[in-house]
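Report on one structure; see the data block that follows.
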Amino acid sequence: MSNIVIVGAQWGDEGKGKIADTLAEKADLVVRYQGGNNAGHTLVVNGKKTFLHLIPSGVLHQHTKCVIGHGVVLDPVALDEEITRLQAKGIAISAENLFVSESCTIITSYHKLLDAVRESNTSEKIGTTGKGIGPAYEDKVSRKGIKFKHLFDKDLLRSRLAISLAEKETLFRDLYKVEYPTLEQEFDKLFALGQKLKQYAADTFSIIDKAIAAGKNVVYEGAQGVLLDVDYGTYPFVTSSNTSVAGVYSGATTAGHGFDHVIGITKAYTTRVGEGPFPTELFDDVGKFIQHKGGEIGVTTGRIRRCGWLDLPLLKYSAKCSNLTSIALTKVDVLSDMDTLKVCIGYKYEGKEIYCAYPGIDLYKVEPILVEMEPFSIDETVTKDNMPAALKTYLETIENHVGIPISSLAYGPSREQILFFEDYFKKG
């Protein structure tokens, strides 16, 4: 039995879905524990792409059960559409392999509308996906939320909707002056979706607990990345949930279950979608080259990702925040055959040199300390035994600065293009 957590170690989009899909081959459960359909995971199998937003990456493996934990904010419209889209591709999804926590907080039309009008009416853009994630978490924390199980009870759903709409109605009508669905319109839509999706509702807490007790392999699949964590991230340019390993405990399982591996997924360079500080961002042709070669366009938003050199002070910070045991390095092939290759090993900040970021640091004011690395060249024939010396040096530089080993290396989009230096499912 192995308990494995997959955490994004940057600002999201690191390739978590690819690693989760690969590990799912040996997993009994793959669990989503936070976020919502603002996540976007791309899986490539036999040259065919599959895009996932809510459903865990284990869905492509028939023996693997997929769990959406109670820490996820659930858009029932998005879930229904994703199930329908995947089933149309011949991917089996049923109440036998998909389990959705009855306690997931529901995203309504009101949340999505509020998300959109706030972003368009503020001078400080956060770069929200507009999926209603933040407003749904607000309702959850303020105890105005609607749970998945509430969709199955007409009286309860109507009363919870009335509570949720009470304040928002004033905002829509008097402040933002926008049209919004009536309570009855929203009720009719959500109740109908509830009847359709009820088959997937489950006590996921007990499902996970029993799987661990039975010695099953469980993989927890994070969304976004540590640097977007509402507490640890680059606030206010963050998401609304705990994207660090702490999110597993609050969103899926109990603190009584330890983890055998906490794998930090990171690209061989750095990307960011939306607003916020980015110390190593490249504004020149090199940045454009990485963006083009890496296909850096958001799966969820369609926005072009900002690109820059690998930032080791931030990676070390992420490792500390989530107690990472190792790094899974992705998209190494994007850096192949570059004329110039650099990595950030530290910052100059307030008259000092620092080598690990921390919560109070102002990343707008740091000056990255960049070192030149020898460029390397790899192709699909790369193995652990024929790896170029320059690439080995690049990997060793990362390990030495962050203080944990690199346990796998991805050098292409498909699940076959990964070198594993460690068996995550092997004890000891």
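Just so it is clear, glycine is given a Cβ too, placed from its N, Cα and C backbone atoms.
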Inset, instruction - According to Swiss-Prot, D13, E14, G15, K16, N38, A39, G40, H41, T129, R143, Q224, R303 bind IMP; so which of T50, T234, T239 is the extra one listed there? - result: T239
Legend entry - T301 (substrate binding site): tally of other CB atoms within 10 A of its CB: 17
Inset, instruction - Would you pick out, from the binding-site residues V299, I304, V332, the residue whose Cβ has the largest number of other Cβ atoms within 10 Å? - result: V332
Inset, instruction - Could you work out which of the recorded positions (D13, H41, Y411) has its C-beta surrounded by the smallest number of other C-beta atoms within 10 A? - result: Y411
Legend entry - Rounded to the nearest Å - Cα separation of G12 (GTP binding site) and G40 (IMP binding site): 9
Inset, instruction - Look up V299 (substrate binding site) in the DSSP assignment and reduce it to helix, strand or coil. - result: coil
Inset, instruction - Based on Cβ atoms within 10 Å, give me the single least packed residue among the binding-site residues T42, T129. - result: T42
Legend entry - Rounded Cα separation (Å) that holds between V332 (GTP binding site) and D13 (active site, proton acceptor): 14
